[in-house]
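The structure appears right after this line, and notes come after that.
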4 protein chains.
Amino acid sequence: MLEETLNRINTELREAPDKGLVADYIPELAKIDPNQFAMSVCLADGQQVSCGDFTTNFSMQSVSKAFTLAMALGRYGDGLWKRVGREPTSNAFNSVVDLELGGGKPRNPFVNAGAIVVTDALLSGRTPKDTLAEIVQFVRAAVGDGDIYINHDMARSENITGHRNWSLAHFLKSTDNLEHECELTLGTYFHQCSIELNCQQLARAGRFLAGLSGGHDMIANRHVRSINALMMTCGHYDGSGEFAYRVGFPGKSGVSGGILAIVPGVASVAVWAPGLNSFGNSQLGTLALERLSLAMSWSVFDTK
Amino acid sequence: MLEETLNRINTELREAPDKGLVADYIPELAKIDPNQFAMSVCLADGQQVSCGDFTTNFSMQSVSKAFTLAMALGRYGDGLWKRVGREPTSNAFNSVVDLELGGGKPRNPFVNAGAIVVTDALLSGRTPKDTLAEIVQFVRAAVGDGDIYINHDMARSENITGHRNWSLAHFLKSTDNLEHECELTLGTYFHQCSIELNCQQLARAGRFLAGLSGGHDMIANRHVRSINALMMTCGHYDGSGEFAYRVGFPGKSGVSGGILAIVPGVASVAVWAPGLNSFGNSQLGTLALERLSLAMSWSVFDTK
Amino acid sequence: MLEETLNRINTELREAPDKGLVADYIPELAKIDPNQFAMSVCLADGQQVSCGDFTTNFSMQSVSKAFTLAMALGRYGDGLWKRVGREPTSNAFNSVVDLELGGGKPRNPFVNAGAIVVTDALLSGRTPKDTLAEIVQFVRAAVGDGDIYINHDMARSENITGHRNWSLAHFLKSTDNLEHECELTLGTYFHQCSIELNCQQLARAGRFLAGLSGGHDMIANRHVRSINALMMTCGHYDGSGEFAYRVGFPGKSGVSGGILAIVPGVASVAVWAPGLNSFGNSQLGTLALERLSLAMSWSVFDTK
Amino acid sequence: MLEETLNRINTELREAPDKGLVADYIPELAKIDPNQFAMSVCLADGQQVSCGDFTTNFSMQSVSKAFTLAMALGRYGDGLWKRVGREPTSNAFNSVVDLELGGGKPRNPFVNAGAIVVTDALLSGRTPKDTLAEIVQFVRAAVGDGDIYINHDMARSENITGHRNWSLAHFLKSTDNLEHECELTLGTYFHQCSIELNCQQLARAGRFLAGLSGGHDMIANRHVRSINALMMTCGHYDGSGEFAYRVGFPGKSGVSGGILAIVPGVASVAVWAPGLNSFGNSQLGTLALERLSLAMSWSVFDTK
């Protein structure tokens, strides 16, 4: 039944008249064909079902924030929350307004400013190279597959054109909420965003957040719960309320059109469609998850 | 085990050094003894376990917003969202800032401005008196108990001193997002907030949102899911992220210190402790729900 | 030469293709014919030159704020600044945002919230009727003409439809920055805004702020200086910088299309044209003052 | 009488118990002894009167913004206003909030973001080195003295520690309101801020804005008027209303404690005292100008 559902969604959404807009502020992303779509689901029994372009690679972008947050919670525990908050925001993912009003403390670890702080925390006592190796290693372990690499052209492209992120990093530095030089932290951040994998791999990478076999023992249970809660309230920037309302389970989106979504105890779901909605989240990806949630009764808000 | 857990929480929290502060801007609330605590849980098997001052009445205040939202979704369905949004806010429950920035469309139905709009929608084609009778009847039906009344002194007190709500109502009127005169809508709203019940009754009133026996057929399943999603992302004002993170299931708080919390398919939980934290949510109530969630593994973000 | 200049401006501006938009949120103002224009100038030697519809009455609206401020400074001196600030704003004349961010202290006495506080201060120890009599008397004395009255239909119209002002008043009340009931203060405020005079009278009314003969001894010199400074930085709401830049001397605008402008020591200028620009200031009025300033070298920023 | 007044102010203010706080976010400024004070006045008849430490050098910092604005108006005229606004702000001199809300258009040329845009405009078609040479040359010409140089240590110090300015520059770049690379524009900006002169020289440098002999022909009269208007409404950041109210004539402050103030047609006044008030303007400098204005009746809002 899951297979039929995925195939139906794949067929329906490829016909969708409005596929959203590919992000154009990162040149490497602007090149990507918006007529691509993939979805993959890992279940508790170890089964994995996929549809569409599920072997095509894309860069993780902000989906990587869920993984670096997992690493940072493992290393710092609740100490991390001294530097970053846990509240949703009404402003955009790259907003400086929240940062200024919050005195340099980002609202949550999933807006860009918050994720930069998390990466800065991971850098503590390590070189950027070692930190990146650790991050890639963490993602590989989560996927259970060594065939995952950083796209260095993408990282370079973001480094040159990512002026809003530079603005955020220097702001954080000016409020003493960045331990390292902006160049070091942002360099690492841009590379982490440029980790490439395919939709099938991403679904597998999320198993530890869904508590599925093959995903255990990456981090403590209480951190899993924390990350899922944050993905629910903050995972889609200022469109998080809408996503929770429509989809009903936690997720983290990225500007390349990928979304990792978690049905705790039940499934890890990855979807990829490059066109974005006005909040910067995958337009078709959100729609696909909404239909999947409805078809499988996967909303955590459902009473069954 | 639930009984033991409740008793332990009751004992522990009565010793808590910081019980929060009773709301003082409504004179009738300022009089209330902060050294009170009650908790009550309805389970799927029809069992109900309670502890503390569970037969003492208190006014619903903003907890009533969950019930009027249920009624309005039943009447208008998705048409309601033309007048009110579904996103969390970084501003306080009584903020006018969001309203001005949003051109008179409240961020969500659980901030005061949004709840006033919902009440205004319920008034359409009815007198305030009939509307209030419907609301009280809805709550009684949810509880399964006719012994629930409006405290008219409380309503009068809020009418006279609730200048922030008057400010919100006139703002809404100035942007044509209020159908009725401010006096009519606010008069109804203040009375709805003044519906009194005890903690045991409140837990029962939430059964329809948890899908428990005795609570079925109040509203359509898809509206249940919607209300739970909104209680998760917006139920505790600008402290909603914190509540989701710590407690892990949906809830709606009120300024009288009550919280109704829902574990979908599992339990309806009511807690009451009059002292508030800085967000205006019950200080001990939040703590109690956090401990209950941990003890019973009730977080929807938990993978079990 | 002044007469020629005024006649030229009158002729030119009546041909202007864009006359702005008449305020439509007050029904009594929406009725007014936008094809009217008047200008009048009082000089130091007692001479007065006028052009256009200078005997047609219009309501003072926010121009009255300069007169109530003068009265309040006379009564309270610098004590007034405990309740209202002296800084420009980037928000609109009727914004609640500033008020919430400022904890209930309006940015300056010329935004609506600030003017409401000033009127509230004038009410202290007096009835609304006596206070209004005092205000009308003050304006009559400034003009040197007893033929000035309140338009009660206008006041009633604003009382019923002025929801943004009601929103501001209740907000002020909720922060304890309003001594009287909203009904009393706003009732007085709406009547003060409804004082009617013609352009010739308004120019005469401004003589005490320009230090011209016929205008002396209304208030202390240091208060004249203060009011002029505030009219320069705050007299045109969030369009004050633009007005200072283009016109170069202090002024106070009203939503009925009147502007009172002061060239200290030199001239008191009144202009009236009902169409408004996007800031809510008279479109042609601003243009007329800009041309007058240029023709007469009246900018205080000019080195001659 | 001017000499006596200056001496009295010098004596009085050196005794002032609260001298404000020296800026500590630029290491080179943090070193400066706060117990210094100087004042100098150029009059229409060519006379110059000074008191205190008027031969001690200090860096111009934001006072330089008046000079680069003069140069940019000369080169671009009103075309400059496509890139920068003319309105006061309620936010701090280094705020990013205004910039984000304004879509990357700074509120005015005297907040940091606006001044960075002005410098960027001056760089068009020139190297940073040539641009800096032009700016220094312009200041020298205004002073009538070749003995004015850039403090390169200061510039280097600001380049390394000025993260808020880097944040602003990258934000501007992200909205396409910066023509050159951030490094080029900010490098030039930091050097322009590091131009050093003494109080006597600064007073002379302002003569062209006051229309005094020795200062003519630097720029067109209409640009003089424009700059003075902007210094009045925006010259002291979010403390501009207060400055206009208390002092009554235009001025531009800098974080090193210098203020250049202009009495159009009458005097160019420079004051220097390193301690700052909460808005980042010289504490004693503002006080000194207030007393001078009162003693000499120099307020442009005064009717004499």
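Using N, Cα and C of the backbone, Cβ positions are placed for all residues, glycine too.
Substrate is bound by A:Ser62, A:Asn112, A:Glu158, A:Asn165, A:Tyr189, A:Tyr237 in TrEMBL, and the record lists one more residue there from A:Val96, A:Val143, A:Val255, which is A:Val255. Summarising the environment of A:Tyr237 (substrate binding site), the number of other Cβ atoms within 10 Å of its Cβ, over all protein chains shown, is 24. Under the three-state DSSP scheme, A:Asn165 (substrate binding site) falls in the helix class. For A:Asn165 (substrate binding site), the same-chain residues 6+ apart in sequence whose C-beta sits under 8 angstroms from its C-beta are A:Asn94, A:Asn112, A:Ile116, A:Glu158, A:Leu186, A:Tyr189, A:Phe190.
Burial estimate for the binding-site residues (A:Ser62, A:Asn112, A:Glu158, A:Tyr189, A:Val255): highest at A:Tyr189, by number of other CB atoms within 10 Å.
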